[in-house]
Each structure stands twice: as structure tokens, then as C-alpha cells.
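Take a look at the structure below.
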Amino acid sequence: MGPSSLEAMEDFNSVTVGTLKRRVRQRKRIHEIIRNKLQRNLSCSGSKVKSTLTGFFPVVKWLPKYKVKDYIWGDLMSGLIVGIILIPQAIAYCLLAGLDPIYGLYTSFFSNIIYFFMGTSRHVSVGIFSLMSLMVGQVVDREVYLAGFDLNEDSTKSAFGINGTGEANTTLVNLKIMPLNMECGKECYAIGIATALTFLAGVYQVLMAVLKLGFVSVYLSAPMLDGFATGASCTILTVQAKYLLGLKIPRYQGYGTVVVTWINIFKTIHKTNFCDLITSAICIIVLVAGKEIQDRYKDRLKIPLPTELVVVAVATVVSHFADLNGQFSSSISGAIPTGFIPPKVPSIELMPRVACDAIPLAVISFAFTVSLSEMFAKKNGYTVRPNQEMIAIGFCNIIPSFFHSFTTSAALAKTMVKDSTGCQTQVSSIVSALVVLLVLLFFAPFFYALQKCVLACIIIVSLRGALRKFRDVPTQWRESKIEAIVWLVTMSSTALISVELGLLIGVVFSMICVVGQTQNPKVSLLGQIEQTNDFEDMEEYDNLSPVPKVKIFRFQAPLFYANKDFFLKSLYKATHLEPFLEITRRRKLEKKARDKTAKKTYRVDETNGDVSVNLISRNIDFHTIILDCSCISIIDTAGVSTFKTVLKDYKEVGVNVILACCNTPVIDSLRRGSFFGAGDKDMEQLSFHTIHSAVCFATCMTQPFNDSSV
């Protein structure tokens, strides 16, 4: 670099460089950080005890401020309506869980009360949920099958040892091969599996909250969750189809439940119970009509239509007086006792069998709960604490597991009902729990004659929202092909393989898509916007002027080991100059020049024996490359090495490389990798805060930097 050029650079640096100075931050030592955290977390005071209690039980904080005149009517109405909707759903979803109907009522009762004390959302309705019931049911049926019970049995026997006629049930199986090592009936063993599974899921959720592992939910993208819910809905529909036709088909154990179950249905379709078929058709028509009326006139209707409760009540009365079970062998719910069963500790011996199954249950349960809480909090103008939500839903599983309940979660449909009917606080959950309590204490036996096909109809019609996602696929494809593919892959794997594997495949595939996007990001050359100091993509905008003798290259992704090769290839392609090939070409021409010294095209410098090729230097129409790092959020050691390689290789062909718009983490990584050489002087020649300042600096240069810069 000539003296005049060097002086110009120094004058430029004195004006534009050095105006920003990094703040010196003193890093605390590890033992100091640990000591401070221990002092903060282990210290005890009255105010800290109070804040801990109010944090763990938010009800203590908001209940004394409850505005009775403003809130009570909305809470009473929403709680009553949700309770009425909850009763038939709680009974119906036990078909999915493979349990007696009474356990669905227990689950709904205890979860509503616990969330009242521990939840931070005002609108979320926590209780029995179809997806959770399906996942519990798959584990319960698998373990019941492995225990030697007959899944073909159309059992109307109760876990309490009383059958539908009121006689003692002596059908017990000696389970010496099982961890229980005790005599236990099918229903007793099934609820033992469910409570052990639920307890572990709750423990996992509390541990995730304690260890601050809520970030796991960020890997559950919206398309993946929608695809998972839709695929699970297809499985639920398939599992319930046999009840619509009155077929005695055991739930298939293994992969491909949807395919195998439909094959079995068509094999046994000649055994269809026409009483159940006619009842199912009538119930579905009534339920769908009620939903459509509700959707069409939701602005005029002050409260949702209790269609499910009406259908259950009418169907129960008809089944009882027409004796559909005795006359047509229609499958019925059976005896539902009143009152509560004494609490029982979940079986520790069964927990190792279901420890892995509880993990997806815990993750999906807390993901739905936290996402719904945040969604409705944002809609209604308040905030929730995701970590406390995880603790709340964890204890909504741990405590009820001692009272013969199974896994719970926030439910979208009932939460929307609460929001639309004027719910103000979780007092509405107490009202819903009281409605369920009335059924538990007084009205449960009246559901004895209720046909299972009616319950299946309630479940299937409730899947309308998830199944309607199929109509959104074309729109989603137009908006984002990657998200549409994630949805399709997750939905297909969930429906065609299994629910658990579908969740895993969806998470892994969506992460692969993210990695794939970072491996092949958009790259561009920038031009200057007319009459401004701003620069933009020349492929995307018109009226941009390229900077003479300067190439400005933007890489729109983090630079790390997986995409460093793509970065180099893109840079070579954008600049139409690959240094290694250019150096090889020059060496070949130099060799030819030495062999043909008589030709005038080449001139040999006798002082040092080098050969200068004038033709070559004229082929490169730029002398500087500016790397716009504004979109590079992080850079690893492989990325730093790539920058070093680019700087060195281009210097050998007479092209300077400088950086612009680097954020502080990138600068720190480059410093640690010795990219800037010995000191800040080299950094001032290699890194600039804006593209404009880098361009101004580049116009002063016609030669590459000194070798000491790297």
C-alpha cells in the first residue's frame, strides 16, 4: 500500500473509527456466582416466605382482591356451563382411556380445584382432555394386555367388585407375574396403571419447572402441534368407530393402529349392531346440528347450547325404558357408583413399566397448558407465569393420582367456552367442580343405561376442530411450504405409526427443517440506494447502484460448521472469483511466461525472478469485498477459520476483505480466534460498525493489507 493511501486511511480512521468503545466488563468468578445464588436462594426472611407462598399459591394474592359485584355473575355462568359440558365429556373420554366412567369425573373434579389454588391463568379450563385420554388409554390397554386380561371382554363390571345387576363380581385374576403381586381385577389393574403413569407425568412436570426446562416447549412448533393433534384425532376417530357400529374389537397393540383397526372393522362389519348404528347416526346428526347452530349464531346466543348433556339425558332415558341392552345387546356404560373411593398411593412397582410413557404425556400436557394460558392472557390483557403453570399442571397430576384420577391438561374447547361466557377468574373452576360433585354424589347411577355409542359420538363430534385442519393445508402450503410439510409429516406419522413416535418424528423433523434452512440460507450482493447511505439486496430491489471496485456480500444465517462450505461456495459464486483457481491459473501463466520469455505479452522482472502478468490483473474488476455480518447472529470456531481462509486467500489475488455490522458476540468470537491479529489497530482495518463506513474505507484502498493483519 502506497504512502498516500496509508495516510488517507489513517485520516479516515481518525474521523470515523474509534467513536465507539467497548465497555469493559469484569467477569465474576464461578465460586462468586455460586455463592451469590446460594445466598439468594437459601436465605430466609419473612418477606421471602410470604413471596414464596404467594408465588406457589397465586390464589392467596388475587382472591382477597376479588370484586364480587363485577366478577361473580360471569364466573358463576361460565363455571356452570363448563360443568354441564364437562359431565358427558368426562364420562365419554374414559372410553379413550380404557377406564370406568367414574374416574373421568374424579379427574375433572380434583384438577379444577387444584388449578384454582395454583394456576396463574384466569381463563384456562384444566381437566380431562381427549388427546391425554388417548395416550393414557394406549398405555393402559398395552399393560392390561400384557397382564393376561382379555381385551375382547365387553366388561360392564366395576372396579368395586359389583356388576351391572348388583351381584358380587368374582372375576379376579391372580397377577403373580406382575409387579403388583396381588389379586386384582381388570378395572382395578387398569386404574393402577393410569395413576402410576399420571403420578410420574406430574413429577416430570414439576422437575422441569424446578430445573427451568420450560424452553423445551420452543421445539414444539405450531405446525408440529397442529399436525400432532390432527393425527391423534384420526387415531381417536378410528378407536371410537367400533362403538358406533357396536363391534367387539379389542384395541390393537402396536404400530399402525389406524390401518389395522380399520381392516378389523371391515372384516367384522357383518356383525354390526343396528341398534347402536341407528343410535349413533341420530346422535351425530343432533350433535353436529347443535354445533353448527352454535357456530352460526354465536353472536346472538349468550350461552353455548348444552347439546351433549341433552343427548346424554335423552339417550339414557330411551335406553333405560326400551331396555336396549337386554333387547338388542347394545353396549352400555354400566354401574357408576356415587361417592369417593378412599385415596391410595400410586403403585411404585408399576412405575418402572410406564416411566418412559410418562415423558411425552408430561411434555404435551404442559405445552398445551402453557400455550393456552399465554394465548388467553394476551387476549384479555394480563400476564401469566409459565414456570408456575408448569408447577400447577404438575400438581394437577400428582395429587389427583392419589384419588384414582388420570392425566390432565388444559383443554382448548372448554377454555374458549369460559372466555366467551364472561369468565373473570378461576372461581369459575370451583363452580364447575361443584357441578361435577353433584353428579358424583347423587346423579352418577342414572347413567347406568347410557350406551357407549352415544359417548363415542360425543368424542367424535368434539374432534371437528382438529379434523378441519385438513382444509387449511392448501392455504398453509401457499404461505409456507416448510410448515406445511412439517404438518403433513407429523400428522401422517402420528396417525399411521403411533402417537408417541409421531410426536418424536414431528419434533425431530421440524428441527431438521430449521437446521436445513440455516445450512442453505439466502445470500446476496448489496447495492447502494440512490442518494442515501443505505444498502440493499440487488436481486430484490430496483434502482440500486453497485459500488465501484467493491463487492458487498450478505450471508443471512449464523455461520457455523454445518454451513461454512455453503458460505464459501456462495461467496465464490457471487464474486465470480475463486482464489484457489485464480492462483492456480496465474501460476500456469507464469510458468508459460518463463518458457516463452521472447513474447511481448509477458515481462520478466530480473531483480527477483518473478513474472508479472498484466493481463491477469485486469480480469478482476474489484479490489475489496465487504462481508455484511448483520444477519450472522453467532459464529463458531469453524466460522472463524472460514473468515481467516477468506481473508488470506483473497489477499493472495490482490483483493481486500473487511467486515461490517458485526454484533458483539461475533466480534468476541473473532477476537478469541485471533482473527484481528495483534491489537485493536488491525481490528480497525477489518471491522466497521456500518456498511457505509466500510465502503468509505474501501475507497481509500487499492492494495491488500499487510500480512500482520492476520
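Residue numbers in this text run from 1 along the chain shown.
Glycine is treated like the rest: Cβ placed from N, Cα and C.
What TrEMBL lists as transmembrane segment is 71-93 (among others). Under 8 Å from some Cβ of the transmembrane segment (71-93) lie the Cβ atoms of residues 101, 104-105, 107-108, 125, 127-130, 133, 303-304, 306, 308-309, 311-312, 333, 336, 414, 417-418, 421-425, 427-436, 439, 447, 450, 455-456, 458-459, 462, all in the same chain and six or more residues away from its ends.
Within its own chain, the transmembrane segment (113-136) has Cβ neighbours under 8 Å at 56-59, 82, 86, 89-90, 93-94, 96-99, 104, 107, 194, 197-198, 229, 232-233, 235-236, 239, 357, 360-361, 364-365, 368-369, 372-373, 376-377, 380, 382, 384-385, 388-389, 391-393, 395-396, 399-400, 406-411, 414-415, 417-419, 423-427, 429-430, 432-433, 459, 462-463, 499-500, counting only residues six or more beyond its boundaries. Here TrEMBL flags 113-136 (among others) as transmembrane segment.
With a cut-off of 8 Å between Cβ atoms, the residues of this chain six or more beyond the transmembrane segment (188-207) that come close are 97-100, 103, 136, 139-140, 143-144, 147, 149, 159, 173, 175, 178, 180, 213, 344, 346-348, 350-351, 353-355, 357-359, 361-362, 365-366, 390-391, 393-402, 404-407. Residues or ranges marked as transmembrane segment by TrEMBL: 188-207 (among others).
For 227-245 (among others), the entry in TrEMBL reads transmembrane segment.
Feature annotation from TrEMBL assigns transmembrane segment to 389-413 (among others).
Taken from TrEMBL, the feature transmembrane segment covers 433-463 (among others).
Annotation source TrEMBL lists transmembrane segment at 484-512 (among others).
Summarising model confidence by region, the domain 'STAS' (540-698) averages a pLDDT of 80. Look at TrEMBL and you will find 540-698 tagged as domain 'STAS'.
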